[in-house]
Each structure stands twice: as structure tokens, then as C-alpha cells.
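Taken from TrEMBL as is:
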- 26-47: transmembrane segment (TRANSMEM)
- 29-495: domain 'Major facilitator superfamily (MFS) profile' (DOMAIN)
- 85-106: transmembrane segment (TRANSMEM)
- 113-134: transmembrane segment (TRANSMEM)
- 166-187: transmembrane segment (TRANSMEM)
- 208-227: transmembrane segment (TRANSMEM)
- 239-260: transmembrane segment (TRANSMEM)
- 289-307: transmembrane segment (TRANSMEM)
- 327-350: transmembrane segment (TRANSMEM)
- 362-383: transmembrane segment (TRANSMEM)
- 389-416: transmembrane segment (TRANSMEM)
- 428-453: transmembrane segment (TRANSMEM)
- 473-493: transmembrane segment (TRANSMEM)
Amino acid sequence: MKLSLKSGLTREQKLEKISKLTDKELFITWIIILFGYFLFVVNWFLIDQVAGNFTYNPNAETSLTWAGWSQSFFFKNPGSITTAATNWTITFFRGIGSFVAGWFIGRLGHKKTVLTMLGLMALSFPFIVVAYPFGGNNALVLSNSQIFYQKQGDLISGGSLTKLTALGYSLFIIFRTLLAVGGTALISYTQPVIAKFSTMKTKTTLSVINSFGFNIGAAFSLGLFTYSMTIKMEAVKSWYVVCAAFILIIFATFILYFIFGKETVLPKEKHTKMEPEVTIMSTLKNKNVIKMCLMYGAWLVAVVWILTGTYSNSVVGTSPYNAGGKLFWVGNTSKIAFVLGLVAGLFVIAPFGKTRYDRSRFLMTQYSLGMFFVVVAFVLGFVGANKNIGLAIGEIIASFLAGIFLWGLQGVFLLIPHEFKGASPSKVGTQFGIIWGVGYMLYTASDILLSVIVESPSFANKSYVDSINPASITAFAVYVIISMVFVLIALALPKSGRIVNGEWIPLTDKWPFMSYNFYKGDIFK
């Protein structure tokens, strides 16, 4: 078995070799890339689960005093804007990583690019070293703090934010951005592989399954620490061991892809007349791609923000109706139900992608239904789901229904670039890089805006303890407004189409309103 990335083949011979790839070889290549993306998502959500509470407690048990990486940097909670920085930077650099995804393919080719991104993920490991609790706490960043706490007669120095804290926390975030750049790009690199499969049915199925990388990764991370406080506390105390284990798995994935991954797209600088040149700038000039970027950005706000700590801790969590609630598992269970709604969505919503119907009306209807159930889940959670088992069950059910429509719809609207007139593997790869990149930048801007709204009372030195915080309600309302931009853009989508007997045929049939019988004569053969 040859492990070298180089060969003595001419470009024409390489293209012929790519054209002869079997579906089995393509599947192995695709599944390793998707697994790498799954690992990125696990690491993304895992870091919040093992953060600790950001507040040093001098009266805590000795074994728990320094629990969580957050207490390597903070002695008291610095506010949602600062604590959400780990999420903002991940999503921002997800945007950067996705945006340059097409450029990397053009310069290096598909296989070398995937290896580069997996390598970047593995090289993020110094974030563990930066926050490692030397001698119980991270003396590198807390030794010169100015605020003092007293415990058992010992003077302990520490503050909510110092120059050294800022330096350490910044390094922690910077190294984690390598995860974001590498991990995000991986999902867009599945698309050129999918485009090479022999049948449209397989392409449609794999485009839908792609969503599982995120959803199962999120559910896995959330589920690990939801139902056992013992497991959660052990993970928080040994967070560096947990994080290091996943970094090692990422490195193993790098080796697997090096051995078994197949080349599917050659570097751009060696293009011949046999292949049209595809650039980021030429793709950005395509109005249809810009529409997809706006749709994807709005959809990301809809499905990602309600999974963040800002939503659960600073919006629903501040409700006076939840004060003193003992049902600690409700929040994460609702999130898990939401992301696992994709499973049902695969059967209820996703089959629409195989039909000959026009896409716009269906997208608008299903998305609106999904947002309706998001609002229902919010209301039930806000009025006391942490205290009332009936409300808790209602929130979980509503979250699952929202997930069916919103996550199930992903495979439908992300299939659209494959259905553009003149679509090709190289075009699709670059287009998806831009769609993901711009989409995540739009999400990051929205996340920052929503966090600022949530934090606004503290700017005015106002407190809403034991009362409804208007900033929380405002933030949720703005979230809904931003999310519904998806519906407006869906109105202006171009016609999708399919290749039939070598000719691109637009999909013009109208979808029968609220019909989900996609298994008869409306399926494209």
C-alpha cells in the first residue's frame, strides 16, 4: 500500500483515476471526513460542559475548589459577553475556515486540504496546557491578581479579570480557533466527495446524513453530563484529561484519512482547458450563492443560538418562575431532543429533496412551523419547566417537534447548490465553502448582538432579580426576527433542477400544501 501523497501520474491520468473511483472508496473517504467533523462538534460543546461555574467558592470542598477550566482564569463570573467568547470565536473562525475552504482545495487539492484541516484540529492541543490547573489553580494567570479572598486563614489572590487573566484566556481561545478553522472546513469538504457518487439518490441521502455530524456530536456532548452529577463533577475536575482524549482521537482520524482517503478534486493552479476555473471571487458574484448564504446564516441563528449558554443561562435561566427549580436535567434534555429531531426529520421532511416540486413554498412552510415550536418551547421553559414536570415534558416535546422541521429541512435546502444549472463538483465545493463561511460570520454577528442585549441591564446598573428581565424577552424576540429572514429569502430562490437525459430540467411542479406523501409518483427516478 502506497502512503505517499505524490505520484508520477500526469494530470489527465489523475483525472481518469478520480473518474474511476468506486462508490465504496468514496464512502470510506466521506465517512472519515464526517467523523472528523463530529469530533470538532464534540469539542465545541464539550468545552462549555467542563467550564465550571466561573466563580471561585472559598467555602467549597477542597476537591471542588478549582473545578473547571474557567477557574484557571476567573475568580468571579465576568458576564455573558466574556464567557460567550469561546463560542463567538469558534463560530467566527468557522466562518473564516469555511470561506477559505475553496481556496485550500484550489491550492492543494482535496486530500491534502482535508489532511491540513485535521492537522490544524490536532494542533489545537496547547489550549489544554494554557488552562492546566498548575498546583490546584493556574498560577501563570492568577498570581498577580488584585482582589483577595479569605479561606482557612490563607490569603488567596484573584480577580475577575486581570492582564494575566486576559493573556491566558486569549491564548486559550486562540488555540481553540484551530479546532474551528479545521473542523468547520471538513463538512464542506464532504460535498465534492458526495458529488462524485454515481446516483442522485445516493447524493441526496448522504447530503441528509451529513447533518448527523453536528447533531450527534452535540447530543453526545450534552448527554454525557446531563443525567449524573457525579459524572459531571468528575469530568469538570479532570477536564484536561477529557479534552486530551478527544485530541488523540482527532490525531488517529488524521492517520486513517492519510491511509484510506482518496483524491477527488485536483489543485486549481494545474487546471487545464478540460476543467473550468472556479474562484472565490467568481462564486461571490453569483447572486444565487449570496441568497444561500443569507438563508444559511438565518438558519444557523435559528438552530444554534438556542443551544448556547447565553440562551439557557441568561434568557430562560433568568426567569423568576424557574427560581429554586430542582429539575436540572430539563435544559440539556430539551437541547438533545431538539438536535435529535433530525432523526424524525429524515423521514418526514428530508424526502422532499427527491421530488420534482418547486422548493420555495415547502421551505417557507416547514421553517415557519419549526420556529413556531421553538417559541412554544421557550414559553414553556420560561414559565417554570425547571420546577413543573408537566411543563418540562411539554418543553421537551416542543423542542423535538421544532427539531423535526428545522433540522429535517437542512438536507433539502443544502441540496439546492447541487441542483443549480451548471453545477459541478469543483463549483459545489467552492460554493459550499462560501455558504458556510458567510453563514457563520452572520451567525457570529447575531450572537454578539444577542449577548449584548442580554447584558444590557448591567451596563445601566440595573438588576432584575426575582422579576422578569425585559432584556431576556427582547433578546428572544430579536432572535426570532433574525431567524425568519430565511423565509423572505426562500421567496426569491431560483428554480432548482435535475439532469434528465443529459439536459437540465427545472423543477416547476407545485407542492400540494401540507402533503408529506413523497414516496409515490412525485419522486424523481
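Backbone N, Cα and C atoms are what each Cβ position is placed from, and that goes for glycine too.
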Would you kindly list the residues that approach the transmembrane segment (239-260) from elsewhere in its chain, counting only those six or more residues past its ends and only Cβ-Cβ distances under 8 Å?
1, 3, 28-29, 32-33, 35-36, 39, 42-43, 46-47, 50, 52, 68-69, 111, 114-115, 118-119, 121-122, 124-125, 127-128, 131-133
Please give the sequence-distant neighbours of the transmembrane segment (428-453): residues at least 6 beyond its ends with Cβ less than 8 Å from one of its Cβ atoms.
80-81, 84, 87-88, 91-92, 94-103, 105-106, 110, 184-185, 187-189, 191-192, 195, 265, 278-280, 283-284, 286, 289-290, 292-294, 296-301, 304-305, 308, 310, 314, 414, 417-418, 420, 471, 474-475, 478-479, 482
I need to check the long-range neighbours of the transmembrane segment (327-350): which residues 6 or more away from its ends have a CB within less than 8 Å of a CB in the stretch?
208, 211-212, 214-216, 218-219, 222-223, 225-227, 229, 303, 306-307, 312, 316-317, 366, 377, 381, 385-387, 389, 392, 395-397, 399-412, 516
Intrachain residues whose Cβ lies under 8 Å of the transmembrane segment (166-187), provided they are six or more past its termini:
33-34, 36-37, 39-41, 43-44, 47, 69, 72-73, 85-86, 89-98, 100-101, 104, 113-114, 116-121, 123-127, 130-131, 138, 140-141, 210, 213-214, 433, 436, 440
